[in-house]
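To start, the structure under review is shown below, and the notes come after it.
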Amino acid sequence: MTRKVGIITPVAEVTKPGKNGSATTKEGAISTQNTDGEARGNWGSQCEFFLSCLGFAVGFGNVWRFPYLCYKNGGAAFLIPYFVMLMVAGLPLFFMELALGQYTSLGPNLLFPKLSPIMGGIGWGMMVTTALVSIFYNMVFAWSLFYTFASFTSELPWASCDHYYNSP
């Protein structure tokens, strides 16, 4: 079973279906419908899209670890190779991922086999990596919440070694 690539059509209030799965509208908002007639979600404005991309690119690890990495690897001198690699590799790959995803309306596991069947593993690798990183970041965030709330007790659990499980 193959998935059909979506058609971008103006949709706010669908009045009647047109040819190729498109629809006529009363307003000028843009929505995507695939050729099967299923309506797909869309961005309400450019600001919403930009903030979503910013949230995707700047995560918990960037805010938490980046200042430490700058200090550890030479301070301001670290920023020169960082920004060079950001311009050479980071932003072009980020833009490519956005452009391919928007153009095809497919996830990476379906997109890369359509581009080239031999690259099908890249999409699945991206999915597995995303799942593992999500688990890792959720655990780091849970630890930070746990220790934040544990620090509000009158006696801190890590202040002494007088627990039953400690060796004498």
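Just so you know, glycine gets a Cβ as well, placed from its N, Cα and C.
Within the same chain, no residue at least 6 positions away from Asn62 (Na(+) binding site) has a Cβ under 8 Å from its Cβ. The annotation Na(+) binding site is assigned in TrEMBL to Gly55, Ala57, Val58, Asn62.
Annotation source TrEMBL lists compositional bias 'Polar residues' at 21-36.
What TrEMBL records for 18-37 is region 'Disordered'.
What TrEMBL lists as transmembrane segment is 79-100 (among others).
Sequence annotations record features per position, and here TrEMBL assigns transmembrane segment to 121-146 (among others).
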* To do: Run through the Cβ atoms and count how many others sit within 10 Å of the one on Gly55 (Na(+) binding site).
  => 9
* Run through the Cβ atoms and count how many others sit within 10 Å of the one on Ala57 (Na(+) binding site). => 11
